[in-house]
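Over in TrEMBL, the protein carries these features:
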| type | residues | note |
| --- | --- | --- |
| DOMAIN | 299-338 | domain 'RING-type' |
| DOMAIN | 360-389 | domain 'RAG1-type' |
| DOMAIN | 400-467 | domain 'NBD' |
Amino acid sequence: MEMKMPLRLLPDDFLYAETRPIKNTQKEVIVSMEKLYETETVTPVHGLLRHSPLPQSKPVGTMPLETLPLDKKTFEDKALEQMLLECEPSKNKSCDFSQIKAKSLEEHILRLQNLCRICGVAFNTNCYDMKYPVNGPVDDVTQEVLRKMGYGECFWPELIRNTFRIDVKTDTEARYPTHFCFNCWRIVIQTINNTTNEDAFFPICTIVEWKPHSNLCSICNFLSGARKRKGLKRSPPVTKKPKVTTDAPVRPRVIKRKDQVTSTSLLLARKIVNCKKFHLTSKLLVLDYPNNFIQSVSCQVCEHLLADPVQSPCKHLFCRTCILKCIAVLGKYCPVCRFPCGPKELLSPVKSFINVLNSLVLKCPATDCEMEVRLGEYSNHAQNHKETRMKHAYSPVNKGGRPRLHLLSLTRRAQKHRLRDLKLQVKAFADKEEDGDVKSVCLTLLLLALRAGNEHRQADELEAVMQGKGSELKPAVCLAIRVNTFLSCSQYHKMYRTVKATTGKQIFQPLHALRNAEKILLPGYYSFEWQPPLANVSTNTEVGIIDGLSGWTQCIDDYPMETISRRFRYDVALAAAVKELEDDILEGLKCHSVDEFVSGPFTVVIKESCDGMGDVSEKHGCGPPVPEKAVRFSFTIMSISVMNNNDEKVVIFEELKPNSELCCRPLSLMLADESDHETLTAILGPVIAEREAMKTSDLILEIGDLHRSFRFIFRGTGYDEKLVREMEGLEASGSMFVCTLCDSTRYEASQNMVFHSITRSHEENLVRYEIWRSNPYCETAEELRDRVKGVSAKPFIETQPSIDALHCDIGNATEFYKLFQDEIGELYKNPNTSKEERKRWQAMLDKHLRKKMNLKPVMRLNGNFARKLMTKETVEAVCELIPSEERRQILRELMHLYLQMKPVWRSTFPARECPDLLCQYSYNSQRFAELLHTEFKHRYEGKITNYLHKTLAHVPEIIERDGSIGAWASEGNESGNKLFRRFRKMNARQSKSYELEDILKHHWLYTSKYLQRFMEVHNTLKDIKRATVEPELISAEDTIPNDNSFDF
């Protein structure tokens, strides 16, 4: 007897088993689940789940996990409806509990396939719910997205571990789900794209903990707590008093999607497009459409009716102009869901959608028109509302004769003749409306014509060229590349022709375009004014490179000046340098909360530097018999400050690298010897006169569309010891007056090494020069020399009493180099040694330093050798040659004290970089002087070097006055010496005067802040490209087989 048992009478074990054999003497009762899968299966195709019918049923064991139904509710409903029970009463009911447990575990695995591995949310059964496997390589769509971001081949476990910190490599099917949802996929893509998760539909807050299957499994017992309560009836609703409201028109509320409500990028995108005047609003529609339909025909950014619609890869619709503006400003991704997309990936919607869009009826927005037109016919209708053409508008007239030819088939002369009236009209319009920019007007007309003819591809290319984003580089970029790579005119022109012939495109600009870009960056382009006007200086601002001897009035008895000099006018160069800092000044005002419309006065601190470059003659061929020396005078803008609303001084710009050659702007170049006092006076005399005039006047310059005033403070600190003595009229460095800062003699400085103060100044030296020249007290030569403290010539340039950190380091390293030799030969035991012995010690030291420290001996100590010599490693290497252990410890202590003092006067900002060493400087200097006075008395008895005296006596006082010593050094000017030689080789000419002019011009362009920004962007893009290419090369190397038969 066969019977059908109702489902409610089945035991609980049947609810959790898919297929269970029940042993019976007559017949087995089989709970079949085969019909459960006869209706439909779900097949994932590229992340999308699509339904496909099965021609015949398959058993559960033979079906893959991807083809099982994903919805838990659907699984249970179909199980209740289609489960067939074939039961027959049995005498002995015995169950195989092992098979029941196995089937229960199999059902648990099937339920896990319906859940997300990361967030634990159940999948839906619709075709739009995408899922992705946890293990294995990424799918094609995701791989394409990652490839656009610059990534190579990726795998899901690595991406999940980097995003959620979850390791899925050790997952098992019996415990963990094997797929994750689309929301988690979006978070993975956003994390890789370095964007925030504020627009994500499902932000991950906690990690789901998956437990093994058991009798109390929360996944399998999900239905136990979902039963409906019985016996309790709902209470009747409480009556409320009706609210008394005014009759207001009820407006339909437009319900926005979740991603539109929470997206901040959409709010920014609407401000960017600003298309209220161009696109039509949905309020003009005649019929009252549902809100969902209005959203489907509206732009996702501006919310206007779609104009020239395009569809992104993520299936969002936009106006073409709106999405292109958003991509250009925000980046190459969708502003709604942040899915990566570029301009080339935007496609037109299907034709049926465009037909529906064009068939919408709307009211004409014109004030005098009440017609109702279709959206597709609105453009033709709008032409009727335009003003009538001008009375003298051009109209083609054929006066007979041969047939009228097309405009493009005519010669250039005939084209000019036919378009002469139109050309005059366009020129008149450009002069009236666009400040004479005829080119922009013509290009805009062409762009509008291409848009009207639906030739959007050509229009996009033309618009990119108009915005400077075409395939060709800007002239300023080409100029920066040429200057920073030191290409001559012929070398750049050859590169320009080669690239153009190879690629078929004009990527680089021709030389005449670079010369036009040079005019904007060189001094003399911007207009300015001085209040009051500068004394003895022309008011003309369009002054470029001038002759350095133009201000020297030659008398009849004077011999002709045998030198060549080129320079900028000082005030013109300062105005150009301040104008290049316009962006930095405005940014500084904004960062320090200073009023952007403040007119000043701004205080500009200038560091002046001057140094000889040594022999710069050509080393090849038959050069000049006498070495050709050169001198360069330059300046650096150190800081710009202004008073805020509280009358407090605020520094809005500060040069972070004042000792770089990129900040040292050249002002004058001359082929002369720095020791030639007469030549330096003649060439730098006009420069000093211009500087003295600028001290009492304010510069009026346009910054940020406002005229602002600037005051300049000049500080001549970038001079070495030799040039300071030359400009201040002091005796040479071998004089008994050891210091350029105080009046102490060499003997006094050796007896008292620490306690001295700055007493010299430019005004004091001028007074002493007058005393030396007139000798009012009728003293002898020795008495007069002691009175004027070594002043022997007229000072002609004002210098700031300071220490040159670079040459101080070199001078002290030279002194330590000699100390090493003395300690090797034990000079403290026998001070009287011959020259041969000293040379032998030096050779021994050079050989040992070359072997241990890789220091090659040099003829003259330079900065690099000094930095390597003054280290603890070098002292340890030298101590190997010193026989006495006591002298080794003394030498180690001496070097340790020096290394504690050196950062104080070498750092740019000692109060921020080394505050502890700054506080300990006085103690370290006194201990250092004590060691020199006691242990090295044989060398410093009655004598001391100039730089060692300045290091021990004057460093704390200068830092207390100026705040730094290293920032005011001449290192930037010294670094520019190599640039002179490279630019001279780049601009080799027959005439040295033109050659010097080109060197000065290109040196100024090399230090231009404007061109440096282009090179920073260029280097950044190059680094990014290298970073994306290297992983591909590494992966390519990994794929090369390791076969010894390859013979390279």
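Quick reminder: no glycine exception, Cβ is built from N, Cα and C everywhere.
As the structure is a computational prediction, the values presented were derived from the model and not from experiment.
With helix defined as DSSP H, G or I and strand as E or B, the domain 'NBD' (400-467) counts 50 helix, 0 strand, 18 coil.
In terms of DSSP secondary structure, the domain 'RAG1-type' (360-389) contains 11 helix, 6 strand, 13 coil. Across the domain 'RAG1-type' (360-389), mean pLDDT in this model comes to 77. For the domain 'RING-type' (299-338), the number of residues in each DSSP class (helix H, G, I; strand E, B; coil) is 11 helix, 8 strand, 21 coil.
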